[in-house]
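Q: Sending over a structure as structure tokens; questions will come in a sec.
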Amino acid sequence: MDKRTDDAVRETKLKARPELKGDEGWTRLGYANNFDLSYQHIKDTLPRIHCKSISHDEFIARYEKPRIPVILTGCTDSWLANQKWKLSSLAKKYRNQKFKVGEDNDGFSVKMKMKYYIEYLKHQKDDSPLYIFDGSYGEHPKKRKLLDDYHPPSFFQDDLFKYAGEKRRPPYRWIVIGPARSGTGIHIDPLGTSAWNALISGHKRWMMFPTETPKHLLEVSKQDGQHQSGEGIQWFVKVYPKVKSPTWPKEYAPLEIIQHPGETVFVPGGWWHVVLNLDQTVAVTQNFSSPTNFHVVWHKTVRGRPKLSQKWLRALKIYRPEIARIAAEVDLLRQSGLASDSSSDSSSSSSSSSSEESNSESEESTADSIPEQSESKRRKVDAVE
């Protein structure tokens, strides 16, 4: 890297991860040399279906309503992003635009110019590298052009949170760009929302666990993880061997996935997941509330974001009265049935934005009943993969 890029990277790292204390802290574990990124030996356990081979109603009945993860193929075939989101093209078109790669200790975004980030991505040897996880591109006058390059798959277009308004709704869409070893720590997506993640280039390794899996089984302890306990790669180093051991409880058996370019992962609300990039990756991901999962999302939003829920309900009464009637029928005194991560129900996670997310209902009472947070503090945990 040239001096200007090197200076930009050092400044960004100091803001985003001051606890790592310089270059040695970022490479101390030597994962660039000793972590196996090959995936040919991994048994992928998630089925694939072509998006044109199933109707919307069938998708709801087979996957969304029973909350079963699945990989969709063919959904991105017509996207302009397939051509426009090559790293060289992004580096040229958005070279001087700043994208979020983390947060500082006060919860404010740490950003980096695309031209510097792409150079960093190509040359870095960090254990858990900086990761573009930008959720504000849609509101930026120049970066918003990225919205023209893709559209949500048809199964996910009826997003009820849109009625809360773009400025009021929780962060919900992210462009994610990262090198090998970057990723997201173990988490549950915010407010009971489901998510889709479409991969443009590269390969991602996922592990997913059912909602009832106890959080303490999935966490990397601070003692084990040290300064990297919230990072995806550290999870695979410390927890993955336990998951694959004969003593792992069968009732918490995981799903293991290798996501390839052109594949879209559907993550139902409540599923724990951790993601590791195996090479240079570019993806887009969105969280959503649909008529199918609305009863859970409403329950968690009322308890976790009461002011937002009031504004949302007023809009639903006008534009979607049939959904507003469902809201009136939700018993807020009963538990929702989906686990919550203590930091996630005002949000979720990335290696560049600390795990925005125990066991099912015991933790829900704390996560879903947190009061309205200040916007600056919410930003720190409002990112997901």
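Each Cβ is built from the backbone N, Cα and C atoms, and glycine gets one as well.
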Q: Out of HIS273, HIS295, HIS299, which is the one Swiss-Prot records at the Fe cation site of HIS187, ASP189?
A: HIS273
Q: I'm validating the feature mapping. Which of 21-24, 201-204, 213-216, 377-380 is tagged motif 'Nuclear localization signal' in Swiss-Prot?
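A: In Swiss-Prot, the motif 'Nuclear localization signal' feature sits at 377-380.
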Q: State the count of C-beta atoms found within 10 angstroms of the C-beta of HIS273 (Fe cation binding site), not counting that atom itself.
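A: Counting Cβ neighbours of HIS273 (Fe cation binding site) within 10 Å gives 29.
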